[in-house]
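Trainee: Okay, here's the structure, questions in a sec.
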Amino acid sequence: MQAVIQTGPGTLQLTENVPKPSVEPGSRKVLVKVHAVALNHSDWKMVDFSAKPGAISGYDMAGVLEAIDDSMNSDLAVGDRVLGVTSIHGGAFAEYVVTDGDLLVKIPENMDFQHAASYGVGIVTTGLALYGNECLALNWPNTDGTGSAAPQKTRVGPRGWSGGDALTDNDNETPRIPVLVYGASTSTGTLAIQLLKLSGYEPIAVCSPHNFGLVQSRGASKCFDYHSQGCGAMIKQYTYNRLEYALDCITTASSMRLCYEAIGATGGKYVSLDPFNARVQRSRADVKPFFCYALTIFGLPIELSGEFARGAKPEDRKLAEKFVKIAEKLIEKGRLKAHPTMLKSGGLGGIASSIDLLRKGKVSGSKLVFDVVGN
């Protein structure tokens, strides 16, 4: 089969005649014939900083089940269309992949493979970041799309907890607790915005102004331009100095600093998707930071260097297995929409050059996807 192989730090190569993987008995794995794949920032970061020569790259894929281990106890069947994340070491950028069946999501009949491929990493990342006990530990959404967040009992501002410009003018409506999403127009950010709304919270977005329409269409009640001087102070004012939760999908010193500035006087929780800045961390003892690394959802040790190394976390695996089933229902009902996608040409052969677009920050508000079948 064809596959995109890591050949060294920062380099990928389309390789022919790579052995087709197979499902080992008792592994609880499945074999997927890949129809489409999507790019993530983790793809270039892994090959640049943690390259494993000979390993197949990629995490996001969508395809058709070709084989299922007999020990699997699930509703999956050969021929099902599925989407998901592959493994700790990647492997999605290939014509076939073996992965964990318990972490896959069935694709609705009305969705194509290109849009389906955009979900995987974002689903498990937001599931862990929003609902994991070490992360924001928020209330989960119900499978019918109704929120379960405990309402704030006392109104703080004239229109509710956080000013509520986009919520209601009705003083009888129960206000929602605000949650800040920095990098709201990323693929993970738009999923987080939707899940927060579905969970009963008020999503507040930070992104570029040209993406305000996108994040508002996904449920953001208020948008802030991160370029604006005093953006953190404006968010603090909007939330009446009581913001407690922030998810940082970008994770730089400046993004972390803005989130810390926005969090209210009583402190709160900050979750990053990359290692965070220690100097900013020390600026506020009342804010509890946590680096959420989504690869822990496989329940296995992560043998990487530095802050990326993690011991096995079986509790994250259990959370992921539970959450993908909720996400599957929400996607099926049209309550959890895919991030905008941009179909690139060349199939697997176009991946190496397109990853450089992510590396250089040339992609905004869309996710790059590639057809595998038919190329």
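Including glycine, each Cβ sits where the backbone N, Cα and C put it.
Swiss-Prot lists these features:
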type: REGION; residues: 1-21; note: region 'Disordered'
type: COMPBIAS; residues: 1-16; note: compositional bias 'Polar residues'
type: BINDING; residues: 42-45, 185-188, 208-211, Tyr226, 273-274, 363-364; note: NADP(+) binding site
type: BINDING; residues: Val121, Gly122, Ile123, Val124, Thr125, Thr126, Gly127, Leu128, Ala294, Leu295, Thr296, Ile297, Phe298; note: substrate binding site
type: REGION; residues: 147-168; note: region 'Disordered'
Trainee: Given a separation of at least six residues and a C-beta threshold under 8 Å, show me what packs close to Ala294 (substrate binding site) in the same chain.
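Mentor: The list for Ala294 (substrate binding site) reads Val85, Val121, Val124, Thr125, Leu128, Ala129, Leu273, given in order along the sequence.
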Trainee: Round to a whole number and give the Cα-to-Cα distance in Å for the pair Ser187 (NADP(+) binding site) and Ile123 (substrate binding site).
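Mentor: A Cα-Cα distance of 10 Å.
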Trainee: Counting only residues 6+ away in sequence within the same chain, which have a CB under 8 Å from the CB of Val363 (NADP(+) binding site)?
Mentor: Met342, Leu357
Trainee: Roughly how wide, in whole Å, is the group Val121, Gly122, Ile123, Val124, Thr125, Thr126, Gly127, Leu128, Ala294, Leu295, Thr296, Ile297, Phe298 that binds substrate, by largest Cα to Cα distance?
Mentor: 15
Trainee: If you run through the region 'Disordered' (1-21) with DSSP, how many residues end up as helix, strand and coil?
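Mentor: Summed by class, the stretch gives 0 helix, 11 strand, 10 coil.
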Trainee: Which has the fewest other CB atoms in a 10 Å radius around its CB: Tyr226, Phe298, the listed binding-site residues?
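Mentor: Selected from the binding-site residues Tyr226, Phe298 on minimum Cβ neighbours within 10 Å: Tyr226.
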Trainee: Hey, of the binding-site residues listed (Ser42, Thr125, Ser187, Thr296), which one tops the CB count within 10 A?
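Mentor: That would be Ser187, with the most Cβ atoms nearby.
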Trainee: For each of Lys45, Val121, count the other CB atoms within 10 A of its CB; which of these binding-site residues has the top count?
Mentor: Val121
Trainee: Specify the secondary structure state of Tyr226 (NADP(+) binding site) as given by DSSP, simplified to three classes.
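Mentor: DSSP assigns Tyr226 (NADP(+) binding site) to coil.
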Trainee: Hey, does DSSP put Lys45 (NADP(+) binding site) in a helix, a strand, or just coil?
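Mentor: Helix, per DSSP.
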Trainee: Looking at the binding-site residues Ile123, Gly127, Thr296, Phe298, whose Cα is closest in space to that of Lys45 (NADP(+) binding site)?
Mentor: Thr296
Trainee: Compared by Cα position, which of the binding-site residues Ser42, Pro209, Tyr226 is the closest one to Ile123 (substrate binding site)?
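Mentor: Answer for the nearest of the binding-site residues: Ser42.
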Trainee: How many Å lie between the Cα of Phe298 (substrate binding site) and the Cα of Pro209 (NADP(+) binding site)?
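Mentor: On Cα coordinates alone, these residues lie 36 Å apart.
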Trainee: What whole-number Å value do you get for the CA-CA distance of Pro209 (NADP(+) binding site) and Gly127 (substrate binding site)?
Mentor: 26
